[in-house]
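Asker: Below, the features straight out of Swiss-Prot:
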type     : residues : note
TRANSMEM : 48-68    : transmembrane segment
TRANSMEM : 100-120  : transmembrane segment
TRANSMEM : 124-144  : transmembrane segment
TRANSMEM : 154-174  : transmembrane segment
TRANSMEM : 194-214  : transmembrane segment
TRANSMEM : 230-250  : transmembrane segment
REGION   : 261-280  : region 'Disordered'
COMPBIAS : 261-270  : compositional bias 'Polar residues'
REGION   : 290-312  : region 'Disordered'
TRANSMEM : 348-368  : transmembrane segment
TRANSMEM : 397-417  : transmembrane segment
TRANSMEM : 422-442  : transmembrane segment
TRANSMEM : 451-471  : transmembrane segment
TRANSMEM : 487-507  : transmembrane segment
TRANSMEM : 510-530  : transmembrane segment
Amino acid sequence: MKLNIFKSHGDSNTAEERPVPLEQVEAEDQQHENRFWLGLTAKEFRLMMLAGVGFFLDSYDLFIINLVTPIFEYLYWGGIEKGPNGKGHYPSGIRGLVNAASNIGNIFGQLMFGFMGDFFGRKFVYGKEMIIVIIATILLIAMPKSIHSPLSKMMWVFCWRWLLGVGIGGDYPMSAAITSERSKLNRRGTLISLIFAFQGFGTLAGAIVTIILLGCFEHPLNREGHYRKLEGVWRLQFGLALVPAIGVLIPRLMMEETQKFKNSQQLNSGDNRDPKTSLNFEDDELVKNPSVTKGHPEIHESSENYLSRSNTVENEPENIEKQFESVSAPANRSGFIQYFRQWHHFKHLLGTSVCWFLLDIAFYGVNLNQSVILKNIGFSSGTNEYRTLMKNAIGNLIIAVAGYVPGYWFNVFLVEILGRKWIQLQGFVITGLMFAILAGRWNEISTGGRFACFVIAQLFSNFGPNSTTFIYPAEVFPARVRGTAHGISAALGKCGAILASLLFNFLTSIIGYGNVMWIFCGCMWGGILFTLLLPETKGRDADEIDRVELFYGGDGKVECNSKWKSWYVNGIF
């Protein structure tokens, strides 16, 4: 099926009009807009702060447990040294369950809020997840002192961190969908990356807050040995997240519905006419007779390939654009199933979901147990409890500053240059290589060498699949299924995180840290294979592709002149 659409350039009275790439049109429009920070407009900056603060909280709340775990060990389980039976005082099964609590809640939140966002709308849902985060945090830090059993205390923490995870999980599909739908095509990847990069600041803040709080309690902890004061430390660690959460709550609740979502709901009013017959193209010469030239260059290629190419995507004339707005399908269960019944759509969901799953096995396996890993490689030892906790926090801070945060910002500045697919592939390759080095030489590499490998792995994980697995579902799926598809992808990723949380300590005690690194390496290289299913989404407008497919009955077959371009840009199979 061929489609001839164009954006005229120049005087309408001229005999010849040239197609103009959409990115060029958007760039010209942006020249007339006031720039703010990092080239963002005021609206983009406000969107970045509202959605970005959510991911700041996501990272802070999800990873602060890594720094709280040693405190729980000292307070409730008699320290972190091994007992006479050779096992730690803090049972590994309970520790894994508490660490995984937020990730378990994430799955419910991502699926529930993703579906509700597509069914009820972004405006109806956005902000509700932050209410859950606030309530869960308050209840978490309000653990009564009347609970004496360490196991009961951990169950209290588990329950409210699970609810916290529901709210945090809901932020993933909603912030991704809203940002994608409010962004201009040539800056969409940068803006989504900026918002996701706030995760780095959240992790960094967690380490800094811990160091400051330990410093404030230095006298009673270090000099007097009053370690019960750690009760105040962990409650403040969790509780300080309330400040930004409350700050963005009202603006989120007041945010307007996105225009792209409104357009995707045109057929949801009960008028289920055939998209072909519901449009009126009788007066459009280009549609009646695609071979008509009239001075316009013809574009003889498939609609999906045409619209997906970042350097040739073009805007249709205004009358066609308005007609395409009515070619959408309602966001409901049958529409979702119908969309993903087609292999060329389902393979994208398979690619985004499995890549996220494999990534999170290694990513959360390292990050949720970073304090344990630092202790094992000899970095977090100290002469007393206070110095051990402080050195552990400093080790986490160094990893965040050296690898975690820079990785996000490399992605911000290069995502629109290198493209999503290349960044994801190189991230999987290099991170897998670091895990392979650690696995093969775990007992031979020095403490500094192991530490450097973890830093490099963090750098290329965040400048790679940790960022792009979030970007891909926001860009590759149209608005009518975007929230649900993003929620499914993220939820499967969290399944990998849960596996890592629950099995890491068990596996390291059975097969050792080196062999666990081999498992992480295999996950990274498995991600390479599933990345090949995905198209390059740089400059790709999934909503326009969806409208074209609906208009032509969903038979938009990809055609490319170059075999390399075909499998790389559009994905294999």
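Note: Cβ is positioned from N, Cα and C throughout, glycine not excepted.
Looking at the shown structure, can you explain where the listed features end up?
Answerer: Here the transmembrane segment (100-120) has long-range neighbours at 61-62, 65, 126, 128-129, 132, 157-159, 161-174, 177, 331-332, 336, 364, 368, 480-488, 490-491, 494-495, 497-498, 501-502, meaning same-chain residues at least 6 beyond its ends whose C-beta is under 8 angstroms from one of its own.
Outside the transmembrane segment (124-144) by six or more residues, the chain places 54, 57, 61, 109, 113, 116-117, 153, 156-157, 160-161, 163-164, 166-171, 174, 178, 235, 238-239, 241-242, 245-246, 248-249, 252-253, 255 with a CB less than 8 A from a CB of the stretch.
Beyond the ends of the transmembrane segment (154-174), by six or more residues, the same chain brings 54-55, 57-58, 61-62, 65, 72, 76, 94, 97-98, 101-110, 112-114, 117, 122, 125-126, 128-133, 135-137, 139-140, 143, 147, 470, 473, 482-484, 486-487, 490-491, 494 to within a C-beta distance below 8 angstroms of the stretch.
Long-range contacts of the transmembrane segment (194-214) within its own chain (CB-CB distance under 8 A, at least 6 residues past either end) are made by residues 38, 40, 47-48, 51-61, 63-64, 66-67, 175, 179, 221, 233, 236-237, 240, 367, 386, 389-390, 393-394, 396-397, 400-401, 404-405, 407-409, 411-412, 462, 467, 470-471.
Beyond the ends of the transmembrane segment (348-368), by six or more residues, the same chain brings 63, 65-66, 99-100, 103, 203, 340, 424, 428, 431, 435, 454, 457-458, 461, 465-466, 469, 472-473, 476-477, 485, 488-490, 492-497, 499-501, 504, 516, 519-520, 523-524, 526-527, 530-535, 571 to within a C-beta distance below 8 angstroms of the stretch.
Sequence-distant contacts of the transmembrane segment (397-417) (same chain, six or more residues past either end, CB-CB distance under 8 Å): 186-187, 189-190, 193-194, 196-197, 199-201, 203-204, 207-208, 211, 370, 423, 451, 454-464, 466-468, 471, 538.
If you look at the transmembrane segment (422-442), the same-chain residues 6 or more away from its ends with a CB under 8 A from one of its CBs are 355, 359, 362, 411, 414-415, 450, 453-454, 456-457, 460-461, 463-469, 472, 512-515, 517-518, 520-521, 523-525, 527-528, 531, 534.
Remote same-chain residues near the transmembrane segment (510-530) are listed as 350-351, 354-355, 358-359, 361-362, 365-366, 373, 376, 424-425, 428-429, 431-433, 435-436, 438-440, 442-443, 465, 496, 504 (criterion: CB distance under 8 Å, separation of at least six residues from the stretch ends).
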Asker: So which residues does the transmembrane segment (487-507) touch in its own chain, when a touch means Cβ under 8 Å and the partner is 6 or more beyond its ends?
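Answerer: Sequence-distant neighbours of the transmembrane segment (487-507): 92-93, 95-97, 99-100, 103-104, 106-107, 110-115, 117, 169, 172-173, 349, 352-354, 356-365, 368-369, 372, 469-470, 472-473, 515-516, 519, 523.
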